[in-house]
Amino acid sequence: MSSNQFIVASPPTDAISALKFSPDPNSARIVVSSWDKNVYLYDLRDENGSVGEGKLLQKFEHRAPVLDVCFGEDENVIYTAGLDWDVKKIDLNTSEQTVLSSHEAGVRNVVYSREHNIVISASWDSTLHIHRPDAGANPDSIATIVPLPSKPFSISLTDSRLVVAMASRALHIYDLKALALLSAEADSSVPGGNRVEVEPWQRRESSLRFMTRCVACMPDGAGYVSSSIEGRVAVEWFDPSPESQARKYAFKCHRQPAEDGVDVIYPVNALAFHPVFGTFATGGGDGGVSFWDGISKRRIRHYPKHDTSVSAVAFSGNGKYLAVAISPGFEDGKDDVAEGAVQIYVRELGETEAKGKGAK
Amino acid sequence: MGKKRRGPSLEELLARPWCYYCERDFDDLKILISHQKAKHFKCDRCQRRLNTAGGLSVHLSQVHKEQLTEVDNALPNRMGLDVEIFGMEGIPEDVLKAHQQRVATQFQQAEVERQAVTGNPPAGASANGQPAKKPKLEAASDLKKRLAEHRAKRAEALAGGSSGDVTPTSAGQSATPTGFAQSPQAAATPAPDQQQSFPPAYGSAAAAPAFSFPQTHPGQFQPYPANGNQPLDMPVPQPYVPNGYPQPFPAIPGQPPTYGAPPSFLQQPTPPEHRPSALPAASNLPQRPTFGAPTVNAHQMQQMHMGHVPQSQATPAYNGDGPVSQSVDDLISGAANAAAASKPTEGVEKPAKKDKSKPSGHMIYSHETISPEERMAELPRYAFVPDTTSQTVLGEVPPAVVVGAIQTSDTVLDPAR
């Protein structure tokens, strides 16, 4: 493999929790949230516009480790969520930080829906908070709280659906329109009026036997993939018809065969769909990253392993770059982070590198 | 009169060209080379196909100013650029040997499984002095003769002249001549005197099984040479031992008939004493062929390629609950299917069908309800106590809801605050 891979300069000092590319296809900005309590903004392009190791543009300190970050309506707004229980909006131009809401426990995920202009956060207090960021003008507006049956571990959305993967292998699929409407109608003047029970569009049990690690929706909105701590990935479709449900399947990955015939099984920490080809990447606790074609059920590529666990993967808006965040395993919880153990690799993809192979 | 092919022989398999980088094998060298050019030596910048990894490396550095670090699409331990491979040339000796061994092992395994399923003798059995089963073929004249006899017989039966069809044993046997070939045990059980009692009129019908099963009891059908149906197979000095009929071996306690297992394999006779009789759990398995090398599965083979010596497969303790290697699983299930008729021996636990609720290996992270992030959040260095005084709290914060993740022994959370 040729050396079209860069290591991003000045990485976080502790494990990376999330990494996102700007949705703008012409942008090479990435935001990274870290357990070192900071959110980092990088631009991979240098002054001449060529993509390389990039530079750190800004760094936003939080009160506690940050667990997730996402871009907002444009690439100048980001939302963050973390162990300080807060969901924050950060204006990158002014560096102004606004707390949108506070959960009652650490906030695991935050996503932004461009189509409905809502920010959804998921916390270990087993709730979703739905925020309308345009309510910045209206400080009295508070988030709508949607209770969940279990702790959420990962959320992902399409333009019309929200998938929430929870503990106890529960999985809810919400209709975003309904959530947006509820959030708009919720009466925040009444105490507790912002707490609404929402019946999900679909309730499912995970197809995987073990704890769900990550979910990611297909760019075409037809379905989603989920991964578990037991080196397995499931591909499923939203359409409840028996024909579509019969198409779902799961496969094993991120395992290391051992000498005694017992595999070492790593969690699949990260999933990301390619925005153009609809293929997806998995990142595992083994430090490996693979590309898969979920439709033709084939592995496209398999990259050499990194030294430490892959904690996040992301494709750029135009699908030309893949960013891989590596961090020492969440599993062992070591006290100090070795030099160079936290890195962000950016890979320039060849024309067809992430393209599906077509049916066999 | 072509012999029916059951599959390639071991020699043919070993002679197949294969790719060093991905262990795939091919029909001929040309295809292998084009495979390597397409899969392993293709430049992903300009799609140019080079002949070797070295060629690709030079191409990349000269044309694209890049450095080739590893071979694409290769097995993890074969990505190196240090070996120059072209087709089958350049494969290191040890890798070649390991590959051949792997092919041989797979071949044996397939053979054993096939035998366990079909109960057929091994493909190479004729080389052992046991003639391979010859196809049942009769000369046209013989057929005509039989037809004539059959017609005569029917006419006779219609006329009520024959009592042949009411003779139980012969009726059954003449009705199912091919059944003999499929169930050698059945053929072996009738007492000789019963067979002697065949009325001559049934000679042709009774002799029919002799075509497919002549070597079982040479001479037993001798009383009927008069009808002109010569068995196609000459009786051989060594009696054919029906599979699963352990007569020639001393009965080994706890060892049921190994249905479908050949008495010997690949011209290396394995006396029954070689069976690991100390391992009672293995008794339900078809006999493992000895090939002068331990059976190695693909994983172990990979390990071997990386330089690890595999643990001997011949002597693991089959303790039933421990993880059993795939090959053993396959053998057991294959044997279990075939030997369904034979009773399982006492105390042998057949491994249940792969249970997906149990991981097939060692999981790095295996907690059921606490995610790795929550576990990490419990670490003292990440502890956070929300400063509730400076913020509006949405309603009461019940202590039970406050996730334990943030509370550690080092963190004191004052609910009064």
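The backbone N, Cα and C atoms fix where each Cβ goes, glycine too.
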The annotated region 'Disordered' range in TrEMBL, which must be one of B:307-335, B:336-364: B:336-364
Tertiary contacts of the domain 'C2H2-type' (B:41-69), as residues 6+ beyond its ends and Cβ separation under 8 Å: 33, 81, 84-86
Three-state composition of the domain 'BED-type' (B:12-71), taking helix and strand from DSSP: 28 helix, 4 strand, 28 coil
Secondary structure composition of the compositional bias 'Basic and acidic residues' (B:135-156) [DSSP: H/G/I, E/B, coil]: 17 helix, 0 strand, 5 coil
